[in-house]
């Protein structure tokens, strides 16, 4: 039996998938079912609004929207849904994604979009996990274990560096 998707991962173009797949991978690490769609704010606005308005009916709880250039997709989706929307600025050849970042982060009052770094789809996926984990104790426990593993990795790298440094200066 297929589980209902909990997170929608959408992008303005299929070329954005090279960035947005990092969100999908992060969500898969926590076994969160997703749906993935290409929904363009400029080329298919009716479908975009339909997607946003009906996401709740499909049991979607969070939408991650990636877009480059003018990057209107996250904000327009946020205007049409009560769900949290996480915007991912997708870097393009021109301006390295700065235009996308500014477009997504500068939302008017009343239409919030949580925005991650340029190309930060993995963090968008992890933020979606945290949002879901705020009301799911089992998922929250998985997040705590994930954070513990991150901390252990940093401690191990520090220990390696201290050993290496000691060899260099004769400690």
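Note that Cβ sites are derived from N, Cα and C of the backbone, with glycine treated the same way.
When 43, 53, 58 are compared with the substrate site residues 13, 16 in Swiss-Prot, the one appearing in that site is 43. Same-chain residues that are not part of 13, 16, 43 yet have a Cβ within 8 Å of the Cβ center of the substrate site turn out to be 11, 12, 14, 15, 38, 40, 67, 68. Annotation note: residue 13 (substrate binding site) sits in a coil segment as assigned by DSSP. Our reading of the substrate binding annotation (13, 16, 43) yields a largest Cα to Cα distance of 15 angstrom.
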